[in-house]
Amino acid sequence: MTKRILMLEDGNYFIGDAIGSEKETIGEVVFNTGMTGYQETITDPSYYGQIITFTYPLVGNYGVNRDDFESINPAVKGVVVREAAEFPSNWRNQITLDEFLKEKGIPGIAGIDTRKLTKLIRKEGTLKGILAAETANKEELLHHLRSVRLPVDQVHEVSSAKAFASPGDGKRVVLVDYGVKSSILRELNKRNCYVTVVPYNTTAEEILAMHPDGVMLSNGPGDPKDVPEALEMIRGIQGKLPLFGICLGHQLFALANGADTFKLKFGHRGANHPVKELATGRVDFTAQNHGYAVEKDSLIGTDLKVTHIELNDETVEGLAHKEYPAYTVQYHPEANPGPSDVNYLFDEFMEMMNGKEEGELHA
């Protein structure tokens with residue numbers, strides 16, 4: 001089997017077996033601790049520009065099917081696994097992981113010590129990495145890697161170029177696409193919403209002209225400070241419409257209300273993150289995928305209150321506006337992959353939109 005190298009910007013490197021596309025690629029190396037859900041993870045637009053390391057030792061054992069995509073065209077730069085299953089077994093399986101990666105033009109590497117790599121990332125933080133042929137000159141690879149600046153304005157690359165509708169007979173929801181997962185749209189469809197998906201740079205005036213019952217801010221990749229267009233829009237609609245944000249949408253909501261965000265050392269990516277609801281003490285296990293978080297101290301003096309925290313590191317995981325019907329979560333209530341413990345948040349959004357009809361808004 002052809003050999004491949006994963007070179008990190010600190011000079012560490014790993015040599016393993018090449019899987020997927022043969023092309024060379026550079027990205028931010030991160031790790032995901034989920035035991036299952038690799039198809040949903042690889043196709044999640046929030047992983048734009050990243051090389052994903054799966055910590056679970058066997059990946060691809062149930063293959064890839066046509067139903068579990070979170071986007072049609074994956075935005076990941078590469079995949080790192082300990083072992084890629086060659087002979088998957090599942091009644092829904094259609095192609096192997098290797099075949100899928102080749103089809104989508106995603107390079108990968110297998111047969112390396114992913115535990116060692118994960119511990120390195122935990123110690124040093126996320127690092128730039130390059131996947132290349134094992135025969136490449138290591139000094140030249142390292143020099144090239146260190147000279148490359150990872151892309152910003154990532155949301156622009158994964159957001160819908162034009163608005164489109166997903167019809168339903170119920171509430172009318174505008175879903176602002178910062179890199180939305182298909183599962184979020186499906187959750188709204190399950191509740192019979194008429195969903196209009198709009199590009200990330202849609203203005204408040206354009207949204208209000210659609211006369212929706214509520215607005216949802218989607219997940220997405222990158223630094224929330226790279227999306228200044230969103231902040232003015234959020235300020236223009238909060239108080240006028242019920243608002244619900246997820247992941248990047250949560251961070252943008254915080255910035256729009258005067259709080260700050262920061263980059264986590266190695267992020268939260270997995271399906272087993274415990275989150276506590278402060279009002280009730282309830283603890284749920286959640287699916288998470290974020291490299292940035294809201295700075296807790298920056299919330300002092302704002303109109304936002306913390307509703308949820310992550311129990312491992314006390315990261316802010318939920319916010320609510322003190323006056324307006326608006327709340328956000330850092331985790332993923334739609335799951336996919338991960339537990340569906342917090343799926344009820346979509347129902348709370350529906351109830352909030354019902355409150356709009358009953359005249360409960362403050363605007």
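Each residue's number is its place along the chain shown, starting with 1.
Glycine is treated like the rest: Cβ placed from N, Cα and C.
Note that the structure is predicted; figures quoted are calculated from it, not measured.
The annotation region 'CPSase' is assigned in Swiss-Prot to 1-172. Per Swiss-Prot, the feature L-glutamine binding site maps to Ser46, Gly220, Gly222, Leu248, Gln251, Asn289, Gly291, Tyr292. Swiss-Prot lists 172-359 with the feature domain 'Glutamine amidotransferase type-1'. Feature annotation from Swiss-Prot assigns active site, nucleophile to Cys247.
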**Q.** Neighbours of Ser46, Gly220, Gly222, Leu248, Gln251, Asn289, Gly291, Tyr292 excl. site residues, C-beta within 8 Å of centre, L-glutamine
**A.** Gly179, Asn219, Pro221, Asp223, Pro224, Cys247, His290
Q) Does Ser46 (L-glutamine binding site) have same-chain partners at least 6 apart in sequence with Cβ under 8 Å from its own Cβ, and which are they? A) Gly179, Lys181, Asn219, Gly220, Pro221, Cys247, Leu248, Asn289, His290
(Q) Taking 10 A as the limit, how many CB atoms besides its own sit near the CB of Gly291 (L-glutamine binding site)? (A) 20
Q.
Excluding near sequence neighbours, so keeping only residues 6 or more apart in the same chain, what lies with its CB under 8 A of Gln251 (L-glutamine binding site)?
A. Pro224, Thr261, His290, Tyr292, Ala293, Val294, Gln330
